[in-house]
Ligand SMILES: Nc1ccn([C@@H]2O[C@H](COP(=O)(O)OP(=O)(O)OP(=O)(O)O)[C@@H](O)[C@H]2O)c(=O)n1
Ligand SMILES: C[C@](O)(CO)[C@H](O)COP(=O)(O)O
């Protein structure tokens, strides 16, 4: 059974507000995208890494991916993260349904080997696997500026990536999702949960280091993680 890691780098980094997409910003002297590709390229159970890049930046992404033996292809993403995942699924159309596929945010350059191991181990028996960490903040639902609901914090997790699937499962979920004019999603497990409600989404532990570089302050933290405690030391 083959394992493909899809590194989603199709965003433009609006919240970061930099001149280039945030995945091209260097931390510890290397582009964030290179660190994310490397995490999967070096994993012994990953066979192939597919990079999905923002339009207009494919040659740069191809140059970054080139040294990694498993990063065979760089394709163009879509206008949303969901559209970029859909583009990856189209690019994997010739892969058998029992392929294991891991979708990872390029913006999470510090994913560690143990997290990938946990996702792959769960995929031995499950068709959809998420990575989550507890919230240290109280999370509330707000409507019209006032609190509408306060779910008990111990029932809540913050999702990270990679999110892992059997290819046939995520394919089916996306087929249904893309036919829904009301489609709104922020991750791939959400799409499986909504469109294939009978498929359990197993949750495994993530890591606080696996931050998603989103806002300018995250670059300061990422620079620290990359230089003081680099991924290869994990
Ligand atoms: N059209 C998109 C949008 C996002 N992503 C990827 O999905 C991951 C998580 O998205 P996010 O952190 O929101 O990145 P951006 O969309 O670039 O950021 P912003 O929302 O601030 O514009 C990132 O690695 C991003 O490159 C993608 O592949 N295609
Ligand atoms: C997939 C994700 O990283 C899980 O936390 C998150 O939903 C991505 O959201 P974004 O708005 O595309 O950064």
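Each position is counted from 1, following the chain as shown.
Including glycine, each Cβ sits where the backbone N, Cα and C put it.
What TrEMBL says about this protein:
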SITE      15  site 'Transition state stabilizer'
SITE      22  site 'Transition state stabilizer'
SITE      153  site 'Positions MEP for the nucleophilic attack'
SITE      212  site 'Positions MEP for the nucleophilic attack'
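Selection of the recorded sites 15, 22, 153 by a Cβ distance under 6 Å from ligand 2 yields an empty set. Between the alpha carbons (Cα) of residue 153 (site 'Positions MEP for the nucleophilic attack') and residue 212 (site 'Positions MEP for the nucleophilic attack') lies a span of roughly 21 Å. Reduced to three states, the DSSP call for residue 212 (site 'Positions MEP for the nucleophilic attack') is coil. Taking the recorded sites 22, 153, 212 in turn and counting surrounding C-beta atoms within 10 angstroms, the largest count is reached at 22.
Between the CA atoms of residue 15 (site 'Transition state stabilizer') and residue 22 (site 'Transition state stabilizer') there is a gap of 9 Å. Between the CA atoms of residue 212 (site 'Positions MEP for the nucleophilic attack') and residue 22 (site 'Transition state stabilizer') there is a gap of 11 Å, rounded to the nearest whole number.
Mapped onto three states, the DSSP output places residue 15 (site 'Transition state stabilizer') in coil. The number of other CB atoms found within 10 A of the CB of residue 15 (site 'Transition state stabilizer'), across every protein chain shown, is 13.
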